[in-house]
Each structure stands twice: as C-alpha cells, then as structure tokens.
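Participant: This is the structure, below, for whatever I ask next.
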Amino acid sequence: MSDLRPDLAVIAANVAQGARVLDVGCGDGALMAVLRDRLGVDARGLEIDPENVSSAVARGLSVIQGNAEADLVDYPDDSFDYAILSQTLQTTMRPDLVLEQLLRIGRQAFVSFPNFAHWRVRLSLLWGGRMPVTRLLPVAWYETPNIHHVTIDDFRALLKERGITVEGAWFLNGDKATTAAAANFRAEHAVFLLQR
Amino acid sequence: MIDDARFGLSRTVSLPGPLLLDSGAKLSPVEIAYETYGLLNADKSNAILICHALTGDQYVASVHPTTGKPGWWTRMVGPGKPIDPARHFIICANVLGSCMGSSGPAAIEPSSLTAYGMRFPVITIRDMVRAQAMLLDHLGVDRLHAVVGGSMGGMQALSWPATYPDRVEAALVIASTARHSAQNIAFHEVGRQAIMADPKWRGGDYYADADPPSAGLAVARMAAHITYLSEAGLTEKFGRKLQGRDAKTFGFDADFQIESYLRHQGLSFTDRFDANSYLYITRAMDYFDLAEEHGGHLAHAFKASRARFCLISFDTDWLYPTAESRAIVHALNAAGAPVSFVELKSPFGHDAFLLESPELNRIADGFLRAGESR
C-alpha cells in the first residue's frame, strides 16, 4: 500500500476485512478504492470538492458531495464499523462536534491530523516569528484551510475530557514511526483509532 | 434475437393487461411504443431502461419522426457514450399517458372506438413504471442493470427500485425530485389552465375534427419553458435584446428576442405534442410524492432495494434544486443504500441535463461501469 499517503496506509493496514467504512473528506477516493479492492470493504465517502467527487464516482465509488459539519448529522447512529477523518479535523469550524458525530456514526473512528507541535513548526514560530510553512502545512496563513491547528497533546487532552477511548495511535515522521512519548515533539502527523 | 420483432426501432406492443392503476381504474389493453438499441446479452445482465421527461419520447437516440431532429439524448446514448449499444441493451418507452404511440388520452378507447379524451384514467408516475415493467416482461428482461432518467425520468428512476426492488441494480437520477413542491404544482396548474381556457379544448374532446387547442398548449409550454432555464442563462442569451428591429414598436409584437424565442418554443411544441397528454402527465408529476407512497418516510421507499444510486443536480436548476436531491440522498443514507451525489456547475438551469456536459458523462460512465465486470 505504498502508493497511499502514509497516514492513509496506516488506516488501510488496520481496517478489518469486509468492514463498513465512511471516509469523511475522502478526496478522489484513493483510500476507499484500496479498501474496496484489497479488503472487500463496503466504503462510502463524503467530500466537499465536486471535482474530487466526480473522480471518485467515476472510479465506481459511492461518494456524496457535502461537508462534514453540515451533513454528518444526517447519517444514522452506528451505521458504519469505522468513520475515517484524515487530515480534515483541523479544517472544520468545530472539530469537537465533528469528532462526536464520527463516533456516533461509526463504532470506531480513525482520525489523522498534522501535529502543530512538531519541532520544525516550533522552530519556525520561535526563531522566525512567522506562521510555519512546512511539508504538511504547505500553505500560507492567509489561505490555509487549516483554521484549527492542533497538537498531539491538545488532541489527547480533548479525548480525555470527552471520555473517548484510544484504541490505537500511530505517530509518523514522513512515513517513519515515532514513539508515543516523543510524539508531540517529533511526529509530523498522527493517526488515532478512537472509540466511545 | 436479431430477427425478433420485439427488438429494434419504432416498436409498438399491445399488452392485454389489465394494468391496475393507483386511481383504482384498470387499463386494458396497454399499448406501449418503444425502441431498443443494442443486444441483450446471454445472461440478460446488460439491460438499461431510459425514462424520458414530461415532453420526451422513446426516440432517445434515433431521429424523431415528426420533427426530423436527432434523438433527445444522443449526448448520453450512442457509440462511445456512457450508455452504449455496443455494451448495453437499451430500452426507452413512451410513458403511459403520452402521445407518441403509448396508451394515453389520444389513443382509441376499445369500448367506444373513439379517442379516450378525458375518459382516460388519471395516471401516476408509479403507473408509468408498472407499464414499463409489463414491457420488460414482454421483452424477457427480469432485471435492469440500470434505470436512468432526468427530470420526470428521474422520478421514474426513483420509483423503479421502490416499486420493483428485485428488478433494479442501479438507478441514475439526474435533475429530479422525490416529490413535487407547491411551486412545481403551481407552474403546472398555469399550463393546464391555459389549455383548458382555450375554447378549442372543448372538455378534451377535440380529436375528431383535428382542431386541437394549440394556443393553450403553446402558452403552457412557454410558461414551463421558463422554468427549465436559469435567469443568468436567459440574461446571457437574450438580455433585453430586440428581435429584428432597432427600436421598440410601442405595440405588443414580440419586440424582445426572449418573447420571440418563447413563442417559437410554444408553437413548435404543438406540432409534436397532444394537449390532453400534457394535462395527464403534468398531473402525474404533481401527484408524485414517493415518501407519501411509503408511510410518509422517504427512506422506507428504499428499504427493500439493494440497488446502487447516483444522484446529480445542477447548481442553477431552480425547478428541482439541489436541496431536493440532497433530501433523497439523506433518505438513501438512512436506508443504508450505496449512494453517490454531486452537484454540477452549469449556467443552463434545469435543461442542463440534456446539454453537453463532459462531467455528467464522466460520472454516468463510472457509475454504470462500476456495476459491470471490472
């Protein structure tokens, strides 16, 4: 699964065969196609960009044009084994409410996001005094879709406060794993598997 | 199958029925005019039913016998198109109530040997679908690889898996709705009143002397045609441009290009369409409320269906706006059905589904192929 983005590869490696999956912010359906073709997953997608939706549907995937904040409320409780939100949490108006919806719709949820406490980000802000532009945060502050930057420790704190269980966590620097202890400093991005 | 008279262009069949209608009336016989393209494969798994819109007909991809114009959806149906006779067995039938050869008010009533006129029973979208199912039985098609339709065709495409959940594998619903809104009904009522206000309508009994209520039907078409276009599209095409003159005439000629255009649309429509059929079909559309047919819950309509769904709307369509498609998507999600949805950009309003749209074709092609062996 090396053709997938590293966080997606982690998710694909940890989804059960034949599961029902909702990929929120599925892009052009790259992860969904892998899950369907290699694991026989019943995958559904939600994507905001119409061109991406068209590409995904043209691949034979079931994808709905919509956005997480407006449209997740329409899905019934427990309708999926997994709800996936990859690199999208930090773009939402209310990440906490989106997280609640994910865990209502899916029995479990995969959430991945870029870590705003990675040392490069810290250095950039500390020494440069400027909003960081890095490999995972490539867009300048005025046009970035990332309106709620979050660190791994911030996210852990939110999970604790809301009583959400962590079933798995992967911390990545590029496609290399980092330990949980050093993650907030060393990981560029994180993938969590969560459960209510 | 090549020599089988059931298959090919300009076919008609008279099925004994009776067809039990939603109104409680029975229709017998049931005449259906239809066309087929391509060949039904050995395991009968490649049949696609195309459902036409209010004023459409069975000539989806062949020359119209009255107007001489090419089929109404050659952008979607034909060699190399998403619906391709080389791969698919394509069926398109004139809907019940229409006037291109299927049973409708202009057809001959067996008991009186005259045209039905207003004695033709009021029909529904579901009745149209039932008649199509009778045709499929006649053609030996048990299951549809897909049912495809835009506008009123989309209503039938939705009604198909709700009515025959075991006979449909996929439904492609374009620029459509699961129910007619008050505004939709209002526009249709304007059209019907225009027809019935024409002194030539005579209670619908105008067939014998070949003097139909063309003026009323033309006005009905003019009013409806406005709803098929977007305000921006009208402005871009016509604006306030004058028709073949340099100044206003201070009279009531068609000074503006838009007036001339609408008059032409209305008039040319009367050459190919029957006023009573217009009454019956608009009534069927107004009565359409798929949720109402299923205890008030749209999701219940799809509970028994295993079909895949794809819904497409257009951002400038104010006749069946995107919100209507979203409501259907919501219900399909609630029913757990595999559903895709996208709103496409187009300046052309409701009519966009009939026009050139590479994106529409790309989606339709991917959606239909997903159900074929990859």
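Just so it is clear, glycine is given a Cβ too, placed from its N, Cα and C backbone atoms.
Values in this document were obtained by computation on a predicted structure and should not be read as measured data.
Not my notes, these are from TrEMBL:
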type     : residues           : note
DOMAIN   : B:46-355           : domain 'AB hydrolase-1'
ACT_SITE : B:SER151           : active site, nucleophile
BINDING  : B:ARG221, B:ASP351 : substrate binding site
ACT_SITE : B:ASP317           : active site
ACT_SITE : B:HIS350           : active site
Participant: List the Cα distance (Å, whole number) between B:ASP351 (substrate binding site) and B:ASP317 (active site).
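Facilitator: Here the two Cα atoms lie 8 Å apart.
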Participant: Using Cβ atoms only, which residues of the same chain lie under 8 Å from B:ARG221 (substrate binding site) while being at least 6 residues apart in sequence?
Facilitator: B:THR55, B:GLY191, B:GLN265, B:GLY266, B:PHE269, B:THR270, B:PHE273
Participant: Radius 10 Å, atoms counted are CB only; among the recorded positions B:ASP317, B:ASP351, which position scores highest?
Facilitator: B:ASP317
Participant: Could you measure between B:SER151 (active site, nucleophile) and B:HIS350 (active site) for me? Cα positions, answer in whole angstrom.
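Facilitator: Spelling it out, the Cα of B:SER151 (active site, nucleophile) and the Cα of B:HIS350 (active site) are 8 Å apart.
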Participant: Where does the mean pLDDT land for the domain 'AB hydrolase-1' (B:46-355)?
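Facilitator: Its mean pLDDT is 97.
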Participant: Would you mind reading off the Cα separation of B:ASP317 (active site) from B:HIS350 (active site), to the nearest angstrom?
Facilitator: 4
Participant: With DSSP assignments reduced to helix, strand and coil, which class does B:ARG221 (substrate binding site) get?
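Facilitator: DSSP assigns B:ARG221 (substrate binding site) to helix.
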